[in-house]
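Notes to accompany the following structure.
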């Protein structure tokens, strides 16, 4: 699958943040704190949903799956990045690089597909409440979850296979902190590099835009339905169930668009490296905060489940 007979490279060097030697200690501390907070935040959400039977609904089970995908996505990238900030030799084996790309794309696109399914869940809940238990039955919910994870795996396999079938016969320095597509394409040689680059770009953009269009379509129907609710209180209640999901969608696709839809032109590798922090560290960091603060039911459950036990005198 990885075309080892077509490459002269057995390992790559992750340049990463070595071009910012004066910032490495500060970056290490900042990124480590954000990573730990991301893990703890998502684990807290998962533990709360698991322990509170009132949250055993499709909406919160999908949120739990989203937290799992975020944890796995960050585990695929950030520990290696933190280790490289402490190391002077930042080499990564050919197969390890391919594995990192596969898992990062798999869990990254699984995250996008899960956000799309969550948009559909909110559409059914608001626009077809009487049919909700049928359309979002346990079997239906499991099918949607399975399709999301399978779709992410297919995307990861397609992208990784396409990239690592190329020949790498030049410098082996990847100007990034993980094995990402654009810097690897710059190291590839051969007549098919441009075709592979265009194909991967098209597949990724179509997948992201397809998910985004489905989410926007869901919310178009949701807004139309909410505007028909006669009372302002009913409208606010309906909007509040969508606020956290919609905010995460804006953050997720906002940062993704910066990467996949940015204009072509001369760009510094250092700028691309720093920009990579937004979608590999910042987006997973913000997601549990948004869901915890913007979702009243989840916020109450977290307080009831954990903070009343840890700080009983303050609750």
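Residue positions begin at 1 at the first shown residue.
Heads up, the Cβ atoms here are built off N, Cα and C, so glycines get one too.
Predicted automatically and left uncurated, TrEMBL annotations should be read as such.
Beyond the transmembrane segment (25-47), the same-chain residues lying 6 or more positions past its ends with a Cβ under 8 Å from any Cβ of the stretch are 17, 63-64, 67-68, 70-71, 74, 78-79, 81-82, 85-86, 277, 281-282, 284-285, 287-289, 291-292, 298, 302, 305-306. Annotation source TrEMBL lists transmembrane segment at 25-47 (among others).
What TrEMBL lists as domain 'G-protein coupled receptors family 1 profile' is 41-291.
The transmembrane segment feature in TrEMBL is assigned to 59-79 (among others).
The transmembrane segment annotation in TrEMBL covers 91-120 (among others).
Residues or ranges marked as transmembrane segment by TrEMBL: 141-168 (among others). If one looks beyond the transmembrane segment (141-168) by at least 6 residues along the same chain, the residues whose Cβ comes under 8 Å of a Cβ in the stretch are 1-3, 6-9, 58, 61-62, 65, 69, 94, 98, 101-114, 116-117, 120, 181, 184-185, 187-190, 192-193, 196, 199-200, 203-204, 207.
The transmembrane segment feature in TrEMBL is assigned to 193-226 (among others).
Sequence annotations record features per position, and here TrEMBL assigns transmembrane segment to 238-261 (among others).
The transmembrane segment annotation in TrEMBL covers 273-293 (among others). Sequence-distant contacts of the transmembrane segment (273-293) (same chain, six or more residues past either end, CB-CB distance under 8 Å): 15-17, 19, 31, 34-35, 37-38, 41-42, 44-45, 63, 66-67, 70, 73-74, 77-78, 81, 104, 175-178, 180, 244, 247-248, 251-252, 255-256, 258-259, 299, 302.
Remote same-chain residues near the transmembrane segment (193-226) are listed as 109, 112-113, 115-116, 119-120, 122-123, 126-127, 155, 158-159, 162-163, 165-166, 181, 185, 235, 238-239, 242, 246, 249, 253, 256, 260-261 (criterion: CB distance under 8 Å, separation of at least six residues from the stretch ends). Proximity of distant same-chain residues to the transmembrane segment (91-120), defined by a Cβ-Cβ separation under 8 Å and at least 6 residues beyond the stretch ends, is recorded for 2, 4, 7, 9-14, 59, 62-63, 65-66, 69-70, 72-73, 76-77, 80, 144-145, 147-149, 151-153, 155-157, 159-160, 163-164, 174, 178-181, 184, 207-208, 211, 214-215, 218-219, 245, 248-249, 252, 256, 280.
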